[in-house]
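As given in Swiss-Prot:
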- 319-527: domain 'AB hydrolase-1' (DOMAIN)
- Cys341: active site (ACT_SITE)
Amino acid sequence: MGTERTNPAAPDFETIARNANQLAEVFRQSAAASLKPFEPAGQGALLPGANLQGASEIDEMTRTLTRVAETWLKDPEKALQAQTKLGQSFAALWASTLTRMQGAVTEPVVQPPPTDKRFAHADWSANPVFDLIKQSYLLLGRWAEEMVETAEGIDEHTRHKAEFYLRQLLSAYSPSNFVMTNPELLRQTLEEGGANLMRGMKMLQEDLEAGGGQLRVRQTDLSAFTFGKDVAVTPGEVIFRNDLMELIQYAPTTETVLKRPLLIVPPWINKFYILDLNPQKSLIGWMVSQGITVFVISWVNPDERHRDKDFESYMREGIETAIDMIGVATGETDVAAAGYCVGGTLLAVTLAYQAATGNRRIKSATFLTTQVDFTHAGDLKVFADEGQIKAIEERMAEHGYLEGARMANAFNMLRPNDLIWSYVVNNYVRGKAPAAFDLLYWNADATRMPAANHSFYLRNCYLNNTLAKGQMVLGNVRLDLKKVKVPVFNLATREDHIAPALSVFEGSAKFGGKVDYVLAGSGHIAGVVAPPGPKAKYGFRTGGPARGRFEDWVAAATEHPGSWWPYWYKWLEEQAPERVPARIPGTGALPSLAPAPGTYVRMKA
């Protein structure tokens, strides 16, 4: 049974008129806020960010989709067949709608997938008019997707970009986003006399002002979280700080710990506390509770001073310096290291460099949703061709970094229905403030990228794939992953669109030692932040080395219920089972500089 439908009360036109006048005034204020980046400052100069942020993306989208259209125009017969197919689909839909309007029951011509929440309200199916709108949108969208999929004469990168940009367009123009084509929004607007739009426009104005004229759609209540209290909660101490990172040592909760400490290298594209969201979801806290001395790098949120910090800088001043400081703090020369996402790519680069130079202090490596071979990289590869990278480099040259908002927008575009338009509708049309949610607080806590580092990463990994080809050079050393012989734990997640499971699987073959490939459920974040307990729902698969075809490995792998965290702990323990008395951070050769989570994590983009 669907949601019970009730007839709305008659609209209060006096209230609607009053709210319409107020809405016009708030709209005027919002328009003024959106023009702030274009206002003159001083002697007529434009404020930073005066160029329209989305212009380059719109130009690229237009060029890409035009190339697809041109391939169809070159084959009129095939284009006519496609148009005929679309016409037949709409004829069937119109016939079905007329039949429904005569009181008969008909099967829908097309339906949204069960996971599509946009059309969940009963009126989308019960009301013939809105059902027609919904099915028309779905038919046109699927026809457009098929046009891209079957276009001939375009390379796969262009096709991938076209699919990506088409997904953005279809998400933006969904009838669920607009009052007059969404029955639920229309009902609410009439019942409230437009007060929901008033609240929404006020939030839009606030978000434009907060973004300096650029719209930053709020996803959560940013005032609801405090570091050390609500997020990044595991106790510890900052025991070292340099220009690029703070090194945090976490306080033990067991009397003894594994002798070999663990260094976690998070990505610098976002902040480390995704691994320490709260006591229930903290991978860091859970590893501490198992008796591991955990160290974590907290990267600086860079500014113009860091423009020349490149991949080698992050290796030397990040991972290698952290290992040195761990030795000072604990007396241990050997460490286990774990890298997450691009932090894992940096860890792999460091391992290859150390293998070439005879420095072998990292005795085991764990990679969490990490790519070393970018042949089958995820949707972010859409932004990585020569033209787009040059445009990014030109933009970074202005200030020495890539703005955090641009990187955050790129990640949000990977899931536009969930991470963009659902919040646009909720905030600005329904007029509802988003709820407090720690994961979305972290998602909104953007970081900048130094120009030299980001350019190296885009060109050497996404564009030219030099690490996988044995062509990457760092510190005048050519890197060869086959020389990396340490045991490797390589975690992928089944639904990852950033580091696809296939990409991680094939990257496993690039290492020269034993690799334990593990496939967890869910995606890039939820598949990693998957604590043990009664709520552990995704499970994971193990099957030893990643050999042969990915599909064959999955079919033959053993499926396990629950979290992969205990499996990983056992793997670490097997590498070095010796235990020693627990180490108290800040009491040895390196005194505490600040309590965890430190100062760098608090820097805003």
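Quick reminder: no glycine exception, Cβ is built from N, Cα and C everywhere.
A mean pLDDT of 95 is what the model gives for the domain 'AB hydrolase-1' (319-527). According to DSSP, Cys341 (active site) is assigned to coil rather than to any helix or strand.
The Cβ of the residue listed as 'active site' has Pro266, Pro267, Ile269, Leu368, Thr369, Thr370, Ile498, Ala499, His524 as same-chain neighbours under 8 Å, each 6 or more residues away in sequence.
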